[in-house]
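Trainee: Dropping the structure in here first, questions after.
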Amino acid sequence: MAHRNPSITIGFVVTTLVLLATICDAQLSSKFYDSTCPNALSTIRTVIRTAVSKERRMAASLIRLHFHDCFVQGCDASILLDDSSSIESEKTAPQNLNSVRGYNVIDEAKSEVEKVCPGVVSCADIVAVAARDASFAVGGPSWTVKLGRRDSTTASKSEATSDLPRFTDDVDILISRFEKKGLTARDMVTLSGAHTIGQAQCSTFRGRIYSNASDIDAGFASTRQRGCSSVVSDDNDKKLAALDLVTPNSFDNNYFKNLIQKKGLLHSDQVLFSGGSTDSIVSEYSKNPTTFKSDFAAAMIKMGDIQPLTGSAGIIRKICSSVN
């Protein structure tokens, strides 16, 4: 009869316990702060409501901030870190520079939460909660945000540059970018629907509205040209236009109706309805706003689960823009 090596048995048990502990640590929970900071969510909500009431565009900015955070190193608030001797900030990646905004709102929310319960609530969780509250503030869906993320001590400008979607992307590239993060083509179309309350800079759609291409409505292009000169300059490039001209301040399904009419402002919008694999999803959402909103909430929850730092990983930053 063979004798089992006791050291092997002990090693197996220890390894199993470590794996179980890791799995338990990795579980996010909507009740994470119920005992340690019961007023965290209401404190964040007050800041977000105030910010959106002052500037409705901020709702789209906060949703986008969460998205651009989660797509780089996971949902770890790495996008909030400024340049330092050890960090090359993601804020200066091409897809973020002079484009992503809302940092100041997150800073304010963090400051208010720190007054209530210092050193408890992560910046990563504040970003996730802010996106939910911003959506609801403009008539979009609400959802239960899972909590317990911790903050990174690193950032990755290179990953931001390589992984974040670009306004020039075709549909297959967009699908592959989202699949790389564990999200489906349907999730990609759903999350793109947040553009219904977004704005874009002239430099990102100038090429499309002056292209005379077959995938853009001529009247729509002419209308958009009035607010976006063909002349390239800093002032012209920065001019803003609503992605949805019909109801730019309301979270609804008009974005998808626009695509069917060839009135997508960005190339990366219109490719979602261009004879490809995502046409049927766009058509469905154009007819069913309730389905779009429920799918959007589910996709945001799914996105919020991308590679969170939990347990003993990461830190709780005192100031969101710095690891100190």
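For all residues, glycine too, the Cβ spot is worked out from N, Cα and C.
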Trainee: Could you identify, going by TrEMBL, the member of C228, C320 that forms a disulphide bond with C123?
Mentor: C320
Trainee: Scan C117, C228 and flag the one TrEMBL records as disulfide-linked to C202.
Mentor: C228
Trainee: According to TrEMBL, which residue among C37, C70 is joined to C75 by a disulfide bond?
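Mentor: Here TrEMBL pairs C75 in a disulfide with C70.
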Trainee: For R64, H195, listed as recorded positions, tell me which one has the smallest number of other Cβ atoms within 10 Å.
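Mentor: Checked R64, H195; of these recorded positions, fewest Cβ neighbours within 10 Å: R64.
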Trainee: Tell me the Cα distance separating H195 (heme b binding site) from C75 (disulfide bond), rounded to the nearest angstrom.
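Mentor: On Cα coordinates alone, these residues lie 21 Å apart.
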Trainee: In whole Å, note down how far the CA of H195 (heme b binding site) lies from the CA of R64 (site 'Transition state stabilizer').
Mentor: 9
Trainee: Let me check the 10 A CB neighbour count of C117 (disulfide bond). How many other CB atoms are there?
Mentor: 15
Trainee: How many Å lie between the Cα of C202 (disulfide bond) and the Cα of T247 (Ca(2+) 2 binding site)?
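Mentor: Answer for this pair: 19 Å between alpha carbons.
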Trainee: Comparing the binding-site residues D244, D252, which residue's C-beta has the most other C-beta atoms within 10 angstroms in this structure?
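Mentor: Going through D244, D252 one by one, the largest Cβ count within 10 Å is at D244.
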Trainee: Give, as a single whole number between 0 and 100, the mean pLDDT over the domain 'Plant heme peroxidase family profile' (27-324).
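Mentor: Summing pLDDT over the domain 'Plant heme peroxidase family profile' (27-324) and dividing by its length gives 97.
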